[in-house]
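Novice: Have a look at this one.
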């Protein structure tokens, strides 16, 4: 187990050293977009929408954007960064000559992508607290929700990257899966309730669960209940890594 953890740390460190050269652009890119949405939609529509759940629309939107920033950063790193290292630049293929297991390498990649998501989500949370849309104390309490979302979507995007034959699939994945999930999970508008089947499915969406939990913390001051969900996310990530490792090994050995 110790050797495996050393591998995870080595992959994480390698990515961190590479990321350090482009850290400013990466962080700004992950943070500016949700802040633009916050001002554009939150302040703009806030003049039209009186309130949502008893709060201003900007406050309602801020809670969701914290988590979508974590989701987007994790997705982007996994879909483009990890995919390139596996299939384009040959990083993984080169590392396989060393005594390294593909699944251990992928765990390191998932941890790195999740870390980027946590960084992006935390920065957006701090910015929204500074602007007065969420209480400053709540930033600490919503960190588990940010980590939960980052883990779930980094491991999901790993499987998408593993099966993809090119970058074109990523745009399809974003359009057919991520965008509807954002709109239906209560990020921009209250949760969709127009159809019982769809509403029931959204109720179990990880993004909806996390957004709902963050709003409970921010609105009511209740402690986060994300502990069991974090354990579930670790189990889910393990399954995604196992499946992705099988797919990648087959493709690299062709």
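Glycine residues also receive a Cβ, built from the backbone N, Cα and C atoms like all the rest.
Feature table excerpt (Swiss-Prot):
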type: TRANSMEM; residues: 25-45; note: transmembrane segment
type: DOMAIN; residues: 25-251; note: domain 'ABC transmembrane type-2'
type: TRANSMEM; residues: 60-80; note: transmembrane segment
type: TRANSMEM; residues: 106-126; note: transmembrane segment
type: TRANSMEM; residues: 133-153; note: transmembrane segment
type: TRANSMEM; residues: 169-189; note: transmembrane segment
type: TRANSMEM; residues: 230-250; note: transmembrane segment
Novice: Give the one range among 60-80, 106-126, 169-189 whose Cβ atoms make the most pairs under 8 Å with those of the transmembrane segment (230-250).
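Specialist: Per the Cβ under 8 Å count, 106-126.
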Novice: Counting Cβ pairs under 8 Å that sit 6 or more residues apart, are there three or more between the transmembrane segment (106-126) and the transmembrane segment (169-189)?
Specialist: no
Novice: Who are the chain neighbours of the transmembrane segment (60-80) in space, where the CB to CB distance is under 8 Å and they lie at least 6 residues beyond its ends?
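Specialist: Those are 30-31, 33-34, 37-38, 41-42, 52-53, 109-110, 112-114, 116-121, 123-125, 128, 133-134, 142, 145-146, 149-151, 153-154, 157-158, 160-161, 164, 167, 170, 173-174, 178, 182, 185-188, 207, 210-211, 214-215, 218, in sequence order.
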Novice: Same chain only, please: residues at least 6 beyond the ends of the transmembrane segment (25-45) with a C-beta under 8 Å from a C-beta of the stretch. Say none if there are none.
Specialist: 19, 56-58, 61-62, 65-66, 68-69, 72-73, 76, 116, 119-120, 123-124, 127-128, 131, 133, 188
